[in-house]
């Protein structure tokens, strides 16, 4: 569960409506793979991940980023039940994919960075703080099965 004030909820919902989630997802996942190259090991089937330009232009990275951000979007609709919303994905990433749960936090930070890039001056420090709460809640929910 994420506890947001009414002002934080308004900021998150208002700003989220101003971005193209598909662009945010692909760019955030791409940045994760570039900035933290050890995360590439989970994406062997994605083809060429040999350089930043290859990663950022990779259609499989963009497609998976879209899936990631669609799940994130579902989380925004269920901030009071993130553990329930992400239970299946938590189990999948823990039991089948064996993803290090720290990567969820790293990806959340990439989402925040990309939002800042796309929203510019509208992404105020208060808006960033609200989104940091959300991505921390999502990362915690995704890591829930690991506990």
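Heads up, the Cβ atoms here are built off N, Cα and C, so glycines get one too.
Per Swiss-Prot, N-acetylvaline is recorded for 2, and the stated evidence type is similarity to another entry. Marked as domain 'Globin' by Swiss-Prot on the basis of sequence analysis: 3-147. Per Swiss-Prot, N6-succinyllysine is recorded for 18, 60, and the stated evidence type is similarity to another entry. The annotation phosphoserine is assigned in Swiss-Prot to 45, 51, 53 on the grounds of a large-scale study or a structure entry. Annotation source Swiss-Prot lists heme b binding site at 64, 93. Marked as asymmetric dimethylarginine by Swiss-Prot: 105. The phosphothreonine feature in Swiss-Prot is assigned to 124; the stated evidence is similarity to another entry.
On the structure: features taken from Swiss-Prot.
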residue	record	Cβ within 10 Å
2	N-acetylvaline	21
18	N6-succinyllysine	11
45	phosphoserine	7
51	phosphoserine	10
53	phosphoserine	11
60	N6-succinyllysine	16
64	heme b binding site	19
105	asymmetric dimethylarginine	17
124	phosphothreonine	13
Quiz item: Near residue 60 (N6-succinyllysine), which of the modified residues 2, 45, 105, 124 can be found within 10 Å, Cα to Cα?
Solution: 45
Quiz prompt | Integer average pLDDT (0 to 100) for the domain 'Globin' (3-147) | solution = 90
Quiz item: When the domain 'Globin' (3-147) is classified with DSSP, how many of its residues are helical, how many are strand and how many are coil?
Solution: 119 helix, 0 strand, 26 coil
Self-check item: Pairwise CA distance, residue 124 (phosphothreonine) versus residue 51 (phosphoserine), rounded so that it is a whole Å
Solution: 32
Quiz prompt | residue 45 (phosphoserine) and residue 64 (heme b binding site), distance between Cα atoms, whole Å | solution = 11
Quiz item: Out of 2, 18, 45, 51, 53, the modified residues in the record, which is closest to the residue listed as 'asymmetric dimethylarginine' when you go by Cα distance?
Solution: 2
Quiz prompt | residue 51 (phosphoserine) and residue 45 (phosphoserine), distance between Cα atoms, whole Å | solution = 16
Practice problem: Could you state the whole-number distance in Å separating the C-alpha atoms of residue 18 (N6-succinyllysine) and residue 53 (phosphoserine)? | Solution: 26
